[in-house]
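One structure is given here, and the rest of the page talks about it.
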Amino acid sequence: MQKLIMGNWKMNGNSTSIKELCSGISQAQYDTSRVAIAVFPSSVYVKEVISQLPEKVGVGLQNITFYDDGAYTGEISARMLEDIGCDYLLIGHSERRSLFAESDEDVFKKLNKIIDTTITPVVCIGESLDDRQSGKLKQVLATQLSLILENLSVEQLAKVVIAYEPVWAIGTGVVASLDQIQETHQFIRSLLAKVDERLAKNIKIVYGGSLKAENAKDILSLPDVDGGLIGGASLKAAEFNEIINQANKICTE
């Protein structure tokens, strides 16, 4: 299966640094049949990034509102996302859930706004350290996915990318063990298999949580890991390109 390598730039960068970053990422060498690339800049820089990256690199937004156009000051609608030429959308990132109190219902409502568009949704799920240590991992992940799995058709679900990001490993330098990552991805796939086995086999489940060049090969080689959602390491073109290179090599072997 083609690996999907995505960079979440979060609220970082300025016009100068982003131009340098785009220039660096444009130099990445990879087979597009084996690896797909996408980046998520801050919304004010999206048009700049689209114009500065090769067409083969997807560009996405980090968030939208679940409202339609109208009197919602400061928000960005699904229609606007399509209008500016975005390819991807992050939904339900742990920082949105924890800092802005986004609920599973909010995540579903945002997904529902774009599921029948050309945009590829990347739905983020993950547990806290307390959840894992108290044995609630499976319950938490199943709950986060329940509205989506119960209300979307198999055809709609096939458009979704799922990003598993253990909250305790994001930006902390702490990485889940290879066994933890594989077991969790396998569990997520088992939830999808209850809906449709073919869907479970073909859907992309990517890992996010302190993924960087030095651990990319081991993580991306796991059988149920179809790519990565990279945070800090995606702000350095050389390191992001090395992760892309590792993914390309894995798909060549």
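Placement of Cβ uses the backbone N, Cα and C atoms for every residue, glycine included.
Summarising the environment of N8 (substrate binding site), the number of other Cβ atoms within 10 Å of its Cβ, over all protein chains shown, is 26. Residues annotated as substrate binding site in Swiss-Prot, with sequence analysis given as evidence: N8, W9, K10, G171, S210, G231, G232.
Around H93 (active site, electrophile), a 10 Å sphere centred on its CB holds 28 further CB atoms from the protein chains shown. H93 (active site, electrophile) carries neither a helix nor a strand DSSP state and counts as coil. According to Swiss-Prot, the active site, electrophile annotation covers H93, on the basis of sequence analysis.
The active site, proton acceptor annotation in Swiss-Prot covers E165. In three-state terms derived from DSSP, E165 (active site, proton acceptor) belongs to neither a helical nor a strand segment and is classed as coil. With a 10 A radius on its CB, E165 (active site, proton acceptor) counts 25 other CB atoms from all the protein chains.
Ranking the binding-site residues G231, G232 by the number of CB atoms within 10 A of their own CB puts G231 at the top.
Comparing Cβ neighbour counts within 10 Å across the binding-site residues W9, K10, S210, the minimum falls on K10. A separation of roughly 14 Å, to the nearest angstrom, links the Cα atoms of G232 (substrate binding site) and E165 (active site, proton acceptor). DSSP assigns G232 (substrate binding site) to a helical segment in the three-state reduction.
Comparing Cα positions, H93 (active site, electrophile) lies closest to K10 out of the binding-site residues W9, K10, S210.
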